[in-house]
Amino acid sequence: MNSPTNVSRTSYSAIASALLLFLLLNTPVNAQLSSTFYDNTCPNALNTIRTSIRQAVSRERRMAASLIRLHFHDCFVQGCDASILLSEAATSTSEQTAVPNAGSVRGYEVIDAAKAEVEKICPEVVSCADILAVAARDASFAVGGPSWTIKLGRKDSTTASRDLANSDLPFFGSNVNELIANFARKGLSARDMVALSGAHTIGQAQCFTFSERINSNGSDIDAGFASTRTRGCRNANLAPLDLVTPNSFDNNYFKNLIQKKGLLESDQTLFSGVPTDSIVSQYSSSPTTFKSDFAAAMIKMGDIIDPVTSQNGVIRRICSDLN
């Protein structure tokens, strides 16, 4: 028969074990992510992805911007879970047909190709979500942007949400306060938001996203810039977000904002007599600071994980489809 002391110790031990199990099951998944996650299970994964992304960007420089944006649009809906890659054939709630994505987000085939190469060497080991995160990093570096160490180990979602894509993704007509609030809901600061907006130093936008701004005759837009952008602006026609160096990742985006030459309303609002003016000014004069902060913000954004996905996620064999 146990003494009172032994009973007490046994009880404490049981409680401690139960508490440890609870903590393990409820620890946020981002605490489990690791830059060495595939070192043993698929040591050539990152090199394989890098090669595939470099080839895609060498074929089309614009693809770098598209891949960074694809990762961003994934992370803002259900976390970084590759839900944006699920096609309408796979799920009737595909995010690809949401208003912010339809006819705009691209690069799906590049991720599919990278996934296919990884599957050849390590079947059903590397998630589409991780491939998307690595692709964004490698795309940035391929056009002169920063690189960063990516924490890996994400799972792929088995669901997508068109409704959340419509409600959670930033709008090209948003003002600075709306953007700050939108990013804050994802755990990102105003500085993170400005740094991530700097991805618009590369890539293009469709005319309908900025036609109202260039035709407004407003005081927040350079008249000559507006006149130049008006020419050839028809609905889905494309225009570079940065006229100066549209295919190079630099800090000209912020220099443009100071000159009232931001293409989208959601760009120029960052420098419009608001608290983020000082961040824009700093980035415009220090490309090193911008690139460092961009990398840090991308890492932080990559940590946005939906707990449901972390518990119920899978490794999809084909990124656009369910297993």
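Even glycines carry a Cβ here, placed using N, Cα and C.
Just so you know, TrEMBL annotations never went through curation; they're auto-generated.
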Whichever of Cys42, Cys75 is disulfide-bonded to Cys80 when TrEMBL is consulted: Cys75
Selected from Cys42, Cys207: TrEMBL disulphide partner of Cys122: Cys42
Count of other CB atoms lying within 10 Å of the CB belonging to Asp74 (Ca(2+) 1 binding site): 30
Least Cβ-crowded entry, counting other Cβ within 10 Å, from the binding-site residues listed as Ser83, Thr201, Thr245: Thr245
Those recorded positions, out of His73, Asp74, Glu95, Cys122, Thr201, Cys207, that come within 10 angstroms of Cys80 (disulfide bond) at the Cα: His73, Asp74
Least Cβ-crowded entry, counting other Cβ within 10 Å, from the binding-site residues listed as Glu95, Asp250: Asp250
Spatial separation of Glu95 (Ca(2+) 1 binding site) from Cys128 (disulfide bond) - C-alpha basis, Å: 15
